[in-house]
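Let me begin by presenting the structure, written as structure tokens, before commenting on it.
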Amino acid sequence: MDLIYTEAGFLIYIDMVNLKFYKYQATGNDFILIDNRTLKLQLDQPQIQKLCDRKFGIGSDGLILIQDHPDSDFEMVFYNPDGSQSLCGNGSRCAVNFASFLGIFQGSTRFLAFDGEHQADILPDGQVRLKMGDVQNVRLMADGMFIDTGSPHLIKYVINVQNYRVYDEGKAIRNGGLFKEAGVNVNFVQITGDSEIFVRTYERGVENETLSCGTGVTAAAIASSHKGLNSPVTVNTQGGTLTVEYTQISNDNYSDIYLTGPAEKVFEGTIELN
Ligand SMILES: N[C@H](CCC[C@H](N)C(=O)O)C(=O)O
């Protein structure tokens with residue numbers, strides 16, 4: 001049973017709605033996007049889980065609602081498939097392209113996400129350049145470097161990332177003592193050049209490896225400044241290539257952080273939502 005507002009502003013109960021959705025992917029990190037500006041749908045965790053399920057639903061690494069906001073061009077509300085929330089870098093880049101498709105803005109935008117307001121530009125080649133929040137802390141831990149780029153990330157450097165047991169080791173760390181409660185995204189990183197890395201990520205809330213993770217590649221690029229790499233960093237992932245730029249102010253302080261890469265519509269459709 002859902003509560004929604006009609007165009008006239010009436011609050012009505014509905015048993016089932018034919019929900020229009022759009023499917024986007026950003027370097028293989030895929031998302032369901034819904035224009036929620038009029039619908040004002042409030043989804044519960046079982047509905048989110050079902051929509052994101054790759055067998056019983058549409059299938060995705062997350063779900064994003066686009067909503068009006070009095071102080072920004074729009075607000076994006078992101079959910080992991082398990083219903084948990086955080087900033088989503090690749091999802092934000094998809095939301096920017098979707099909001100432009102909806103005619104909410106052209107060229108440059110300011111929108112609200114889980115960790116506050118972000119600015120983004122759609123580049124002439126269609127890639128999206130997203131401004132990330134500043135980073136004030138790089139914590140060296142036994143298991144690797146911990147950096148929060150709007151979602152929590154652990155960075156581990158490995159020799160042969162292509163053959164690494166990302167799922168097994170990522171799952172163990174994410175559910176291990178230190179991170180069991182809040183969870184963490186685990187990024188396995190191989191330095192492949194003077195300003196190039198390859199990143200594979202086990203994602204919290206997806207509870208699996210994803211083909212790329214925007215906040216993860218951002219954290220990995222920043223961590224790599226402690227390994228002698230400088231901005232801009234080319235980050236290759238299983239799903240494609242991204243670029244991370246930043247200004248390092250001090251050992252732990254980074255600002256003007258930008259994540260750039262493609263974000264494309266794959267298909268659109270409707271689904272019956274109970
Ligand atoms: N799973 C992450 C959120 C999505 C991160 C990733 N999809 C991205 O592009 O940043 C978490 O719960 O911290």
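Each residue, glycine too, has its Cβ placed from N, Cα and C.
Quick caveat, the model's predicted, so the values are computed rather than measured.
Positions annotated as substrate binding site by TrEMBL: Asn29, Asn80, Gly89, Asn90, Asn185, Glu203, Arg204, Gly214, Thr215. Long-range Cβ contacts of Arg204 (substrate binding site) within its own chain (separation 6+, distance under 8 Å): Asn80, Ser84, Ser86, Ser151, Pro152, Arg174, Gly183, Val184, Asn185.
Residues near Cys88 (active site, proton donor) in space but far in sequence (CB under 8 A, at least 6 apart, same chain), listed by position: Phe31, Gly62, Ile64, Phe78, Ala113, Phe114, Ser151, Gly214, Thr215. Look at TrEMBL and you will find Cys88 tagged as active site, proton donor.
Taking the Cβ of Cys213 (active site, proton acceptor) as centre and 10 Å as the limit, one finds 34 other Cβ atoms among all the protein chains shown. Here TrEMBL flags Cys213 as active site, proton acceptor.
DSSP assigns Gly89 (substrate binding site) to a helix in the three-state reduction. A sphere of 10 angstroms centred on the C-beta of Asn185 (substrate binding site) encloses 26 other C-beta atoms. Excluding the listed site residues Asn29, Asn80, Gly89, Asn90, Asn185, Glu203, Arg204, Gly214, Thr215, the same chain places Asp61, Gly62, Ser86, Cys88, Gly91, Ser151, Thr201, Val206, Thr210, Cys213, Gly216 with Cβ atoms within 8 Å of the centre of the substrate site Cβ atoms.
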